[in-house]
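Written below as structure tokens is the structure these notes are about.
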Amino acid sequence: MATPETTIGSTRRTEGLIRLAGVSKAFGDRLVMAGLDLTIGEGEFVCVVGPSGGGKSTLLNMISGLDEATTGVVSFRGRAVSGLNNEVGYITQRDLLLPWRTAANNIRLPLELRGWSRTAMAERVREILAMTGLDHAADSYPYELSGGMRKRVSIGRVLAYSPSVLLMDEPFASLDAQLRLQMHEELLRMWQDSRVTSVVFVTHDLVEAITLADRVVVIAGQPGRVDLELPIEIDRPRRVVDVQSHPRYADYFQRLWSALGHDQPTGGAQ
Amino acid sequence: MTSTSEMPAEAAEARLSSPQESRRRAGGDGRGALATALIRLAILAGILVVWQVVGDLTTFGRWVSDPLSVAARVGDWARSGLLWEGTRVTLSTTLLGFALGTVVGGLAGVLLGVTRRLGALLEPFILALYSIPKIALAPLFLLWFGIGQLPKIMLAAMLVGFLIFFNVYQGTKTIDGQLIAIVRLMGAGRVAVIRKVALPYLSAWLFAGLKMGLPYALIGAVVGEFMASTAGLGYMVKNASSMFDTDGVFAGLIVLMTISTVLFLLLTAAEKRVLHWAGRGI
């Protein structure tokens with residue numbers, strides 16, 4: 001993934017792991033999304049930004065099978081999603097750990113549910129603990145862990161079963177700025193190590209979106225539709241702290257900023 | 001926000017009132033804790049002295065007995081074996097009723113909570129039943145279950161069962177829907193969700209119910225013994241009072257208080273072991 005020819009979103013997109021075609025979603029009388037088209041490639045990192053109420057979380061729910069499209073088709077590997085999609089790993093703003101399980105046993109949970117053997121589980125949990133830097137916290141309960149460590153457990157828990165796509169709904173919104181930078185660095189590292197996992201990452205934070213994504217998708221309007229798709233052509237592996245000084249960063253920020261209905265770029269773009 | 005927010009409020013409250021918490025609030029560690037203990041001992045001594053003086057020196061005395069006479073009576077009962085016999089009967093009634101009520105109430109709570117539709121359907125009937133002052137059912141239980149130990153066990157079980165049921169049922173309504181969705185995406189079916197998420201989660205609510213229910217188990221047993229019986233601490237208290245024997249009444253009450261306190265301490269210790277993962281942050 002660090003090789004130059006695969007760093008650009010558009011080349012990955014052609015494979016089309018996830019495809020939404022003419023998707024609308026209504027809750028009762030309220031139409032939150034209308035005629036949305038979007039394709040997400042194998043191994044691609046896509047950030048979705050846009051105002052609240054535009055159906056960004058609904059998009060993730062439809063890919064996972066938790067919600068159904070009212071009209072249109074959501075397909076995964078060429079097949080329409082019906083019922084729960086067990087190839088996804090879903091990470092929300094809250095860490096949603098089981099408080100009665102240690103860090104190691106929280107990571108073990110999906111493996112138990114998928115019927116792994118005891119020895120395979122033990123080995124995989126060890127790997128994940130090492131990858132997430134949690135070896136020393138394996139036997140700690142969630143109440144004994146800091147917010148950042150809990151977040152690592154919840155990401156490790158999902159990566160443990162190697163899902164084809166990670167769905168992340170503002171996962172770092174509740175963390176302080178410094179910890180968020182650190183989590184960005186770690187997420188990119190883990191994603192690059194896993195090689196094949198696609199990521200659909202919903203956020204309000206344009207800096208976060210540009211830092212992480214191969215492509216940023218703006219969903220705007222009421223009901224929401226894709227307003228802009230912006231490939232982020234910054235080489236990987238990226239150093240999170242360097243992204244904002246990249247020559248193209250200001251341009252990306254400005255284009256996203258105006259796509260969201262703002263005329264003037266603010267200080268954040270410099 | 002954090003994982004601890006998944007603890008039920010009631011359970012959290014029950015934990016707040018646990019001894020270690022009140023100790024922390026009252027004095028803290030080391031010297032503070034020692035001072036607190038000494039002050040409490042002094043208060044206890046004061047109460048006993050005042051009680052003794054009132055009992056000895058006033059005409060009111062024969063209605064309230066006094067600590068020395070009560071202690072002497074408990075000693076008599078211990079020597080004659082009456083104490084052990086009464087305790088055995090009342091304690092076994094209490095524990096059997098407590099266990100039966102917990103099992104039935106807990107199962108009903110999980111069942112109606114997990115099958116939402118059934119729970120919603122039956123809720124008004126259960127609320128109507130709950131609104132009956134349940135002690136008033138005691139005479140009916142005597143008709144149904146005879147005059148042996150069984151009606152007392154059933155009375156205790158019913159009082160406890162309702163409390164456990166409501167706690168567990170309420171608990172099922174507070175299980176985090178987003179958590180369930182995420183665990184299902186990880187591959188959990190219905191049974192796995194119940195086993196790996198619902199039941200451990202409900203253990204906190206169950207303990208809140210157990211702590212509330214424990215005194216009611218004792219109430220059920222004693223009220224049952226008041227009504228019709230020839231054994232047990234409730235019978236001994238009632239018997240003594242009908243003979244104006246206040247020493248006997250107070251001796252019975254002190255023994256009941258001791259039993260209740262010991263059971264509560266055991267339950268709190270069990271809770272600390274089982275719910276150790278809830279931490280101290282709540």
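Just so you know, glycine gets a Cβ as well, placed from its N, Cα and C.
TrEMBL: automatically predicted annotations, no manual curation.
Per TrEMBL, these features apply:
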type     : residues  : note
REGION   : B:1-28    : region 'Disordered'
TRANSMEM : B:33-54   : transmembrane segment
DOMAIN   : B:87-267  : domain 'ABC transmembrane type-1'
TRANSMEM : B:89-114  : transmembrane segment
TRANSMEM : B:126-147 : transmembrane segment
TRANSMEM : B:153-172 : transmembrane segment
TRANSMEM : B:193-210 : transmembrane segment
TRANSMEM : B:216-237 : transmembrane segment
TRANSMEM : B:249-270 : transmembrane segment
For the transmembrane segment (B:249-270) and the transmembrane segment (B:33-54), check the count of CB pairs under 8 Å (sequence separation 6 or more) and say whether it reaches 3 or more.
no
Contact yes or no, the transmembrane segment (B:126-147) and the transmembrane segment (B:89-114), 3+ Cβ pairs under 8 Å, gap 6+:
no
Against which stretches of its own chain does the transmembrane segment (B:153-172) lie, if we need a Cβ under 8 Å and a gap of at least six residues from its ends?
8, 10, 93-94, 96-98, 100-102, 104-106, 108-110, 112-114, 119, 126, 129-130, 134-135, 137-138, 141, 144-145, 198, 201-202, 204-206, 208-210, 212-214, 216-221, 223-224
Remote residues contacting the transmembrane segment (B:89-114) - C-beta distance under 8 A, at least 6 residues beyond either end:
122, 149, 152-169, 171-173, 194, 198-199, 202, 206, 209-210, 213-214, 217-218, 220-222, 224-225, 231-234, 256, 259, 263
